[in-house]
Amino acid sequence: MSKNWTKETFTLNTGAKIPAVGLGTWQSKPNEVRDAVKAALLAGYRHIDTALAYGNENEVGQGIKDSGVPREEIWITTKLDNTWHHRVEEGITSSLKSLGTDYVDLYLVHWPSSTDPEDLKKHLPDWDFIKTWQEMQKLPASGRVKNIGVSNFAIKNLEKLLNHESTKTVPAVNQVELHPNNPSPKLLDYCKEKGIHATAYSCLGSTNSPLASDKTLAKIAEQKGKTTAQVLLMWGLQRGSSVIPKSVTAGRIEANFQLDGWSLTDEEMKTLSSLPDRFKVCGDSWLPIKVFFGDDEA
């Protein structure tokens, strides 16, 4: 059944409604982000995703103002950087100041790594994401953060978090890399079971991904009269995840939003979910600790 995905939302375990489609801003260059955010909001997007680590929160905030779209109509997601795990309060204060807003709709722990700010190759000896979450749980009471969640959490780390006695709040969202070359069905099932909504980043793969030249994907797109990007976004949405495609080109931003009134068949969904290639845009080799364990796939 086809839906008008551009108006659809997913209801989180807090009762809040996250827009199904948003704009990702990772790796968007300076001066491009501001225009991209404005273009997206004018095209009808209502979810903008950023992070302290991207170094572009200020521009994202400017793009939101440029658009003229009222703040209360926009869902803003940002993230706590790895080197700020022991400074959650400072982290959110910094992000709000950069974004030029009084609150964010969703604040995520960007990675389950409490990295030592003095040495990025080291993990803080006396701090881990359990302690980070204890601090995160305090934020919604202030009204400056409406919902809290995590990002890049594998089943193993979610189990660790959810089973800890100090965890009173189940994360509303787990933002993870999801595309047909990294479908993570087990992780998706686990999140659904625990009432955690999954947001898909790198949902179009990337320029280096096998998806860019995948003939099966290209054939489905051709048969549908859609772009491969549109097909990939629809695949993500029909699996129950929100999607945050990144683009800085106005034309592509608009094309990625043309998701209303059509759908993929069960057969097409199955075909895409069965692509044999495996590819991760974001691994964990740059982190001081391992955060992916290969247990999230089939």
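Counting starts with 1 at the first residue shown.
Here the Cβ of each residue, glycine as well, is placed from N, Cα and C on the backbone.
Look at TrEMBL and you will find 21-275 tagged as domain 'NADP-dependent oxidoreductase'.
For TYR54 (active site, proton donor), other Cβ atoms within 10 Å of its Cβ number 20. Feature annotation from TrEMBL assigns active site, proton donor to TYR54.
According to TrEMBL, the feature site 'Lowers pKa of active site Tyr' maps to LYS79. Long-range Cβ neighbours of LYS79 (site 'Lowers pKa of active site Tyr') (same chain, at least 6 residues apart, Cβ-Cβ under 8 Å): THR50, ALA51, LEU52, ALA53, TYR107, LEU108, VAL109, HIS110, SER151.
Among the features that TrEMBL reports, substrate binding site is placed at HIS110.
Around the Cβ of HIS110 (substrate binding site), 22 further Cβ atoms fall within 10 Å across all displayed protein chains.
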